Every structure is written in C-alpha cells, then in structure tokens.
Ligand SMILES: [Zn+2]
C-alpha cells in the first residue's frame with residue numbers, strides 16, 4: 001500500500017522527495033520478499049527480521065540524506081538478485097506445469113519490462129519525436145505490475161505446498177491465474193486439503209498504481 005501511494009505521488013509530481021516515496025518502499029518490498037523466501041531456514045527466528053527492519057529504516061534515512069541515484073539502482077538490483085537462488089530452488093522443486101508457467105511469466109515480464117524501461121530512458125529524446133510513442137516507461141510499469149502479481153501467486157503456490165495443502169493454479173474469468181486449493185487430497189502427504197476450495201488472490205501494489213496512472217495519463 002505504501003509503495004502504491006508513493007508511486008502515485010511520485011509519478012504525479014516528478015519531485016525528488018516523492019521519488020523517495022516510490023523508491024524507499026521498493027527496497028522495503030524486496031526486504032519483505034527476502035523474509036518470505038528465506039525465513040523458513042532461519043535458526044534464530046527473531047534476529048533476521050530485526051536486522052531487516054533496521055536495514056530498511058537505515059536505508060530510508062541514508063536515501064533521504066544522500067539521494068542515491070545510481071547507487072539506488074545497483075542496490076535494488078542486488079536485492080533482487082539475492083532472491084533469485086531461492087526462487088530458482090522453488091522452481092526446480094515444483095512439478096506442477098501451470099505453476100512453472102507462472103515462474104516463466106514472471107521472468108518474461110521482468111525482462112521485457114526492463115528492456116522497455118531501458119529503451120525509453122536511453123532514447124527518450126528520439127522516441128518522443130516519433131509519430132507514435134510506445135510509452136516504454138508506462139509499459140514497464142504495467143509489466144512490473146503483472147510481474148509482482150505472478151511472483152506472489154507463484155510464492156503462494158509454493159507456500160501452500162509446504163504447508164501440505166494441495167494447491168493448483170486456476171484461471172479467474174478464464175484468464176487471470178489464481179492459486180486455488182484443490183478439493184482432492186495432497187498426493188505427497190495424503191492429507192485432505194484443510195482449506196478446500198479456498199482461492200488466494202495476490203495483491204500487487206504496482207498494478208493498482210499503474211491502472212490509476214494509466215487512466216490519468218489517457219486524459
Ligand atoms: Zn515510473
């Protein structure tokens with residue numbers, strides 16, 4: 001929610017202070033992902049969350065004082081890369097083809113989105129003279145919105161499996177992938193699903209902000 005609000009404020013004002021309202025929660029979000037991905041392995045349950053909390057608070061202060069530019073981007077990419085090994089481990093341990101497709105869609109959206117962002121940034125003066133502007137930066141936001149949605153849905157699937165439930169990927173309105181608990185019993189643990197028929201919706205802060213931004217952009 002903080003990221004969605006920060007992103008809206010920044011894109012509506014394009015001011016330095018609001019930019020931090022967008023960027024600092026991006027870092028907090030990655031710290032949260034690191035917690036979600038790695039916490040099952042931690043021996044000392046409270047040490048790492050405390051560290052992540054102070055790291056997030058410390059980053060906010062440093063970013064506010066120093067206004068990192070390239071440093072922010074490098075730091076953010078590093079945080080993303082730290083999450084990759086565990087995501088890959090989940091991917092190779094997942095047998096379900098639809099869940100594997102979520103992971104592939106995750107990769108496809110982040111790569112295409114980053115290319116759109118990069119092209120828009122590098123060639124903005126040329127592109128803005130074109131008869132038709134493909135709006136690479138807006139595309140980046142839309143793709144990243146779907147990207148975090150796919151990531152969350154994939155992680156929900158993995159987590160439901162770890163809990164011994166029997167999740168499957170269903171398609172809401174025939175299109176939107178959602179993680180659903182199957183009525184049948186878990187083939188591995190043999191346990192009947194405790195949360196029969198439950199649907200998990202992922203929340204994607206960037207997606208909501210993008211839809212909003214897209215609408216004001218069209219006016
Ligand atoms: Zn943006």
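Glycine is treated like the rest: Cβ placed from N, Cα and C.
Look at TrEMBL and you will find 11, 137, 141 tagged as Zn(2+) binding site.
Positions annotated as transmembrane segment by TrEMBL: 51-68 (among others). For the transmembrane segment (51-68), same-chain residues at least 6 beyond its ends with a Cβ under 8 Å from one of its own Cβ atoms are 16, 20, 23-24, 27-28, 31, 34-35, 75.
For the transmembrane segment (103-123), same-chain residues at least 6 beyond its ends with a Cβ under 8 Å from one of its own Cβ atoms are 87, 90-91, 94, 134-137, 139-140, 143-144, 146-147, 150-151, 154. Residues or ranges marked as transmembrane segment in TrEMBL: 103-123 (among others).
TrEMBL lists 138-158 (among others) with the feature transmembrane segment.
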DSSP state at residue 11 (Zn(2+) binding site), helix/strand/coil: helix
Binding-site residues compared (11, 137, 141) - the one with the fewest other Cβ atoms within 10 Å: 137
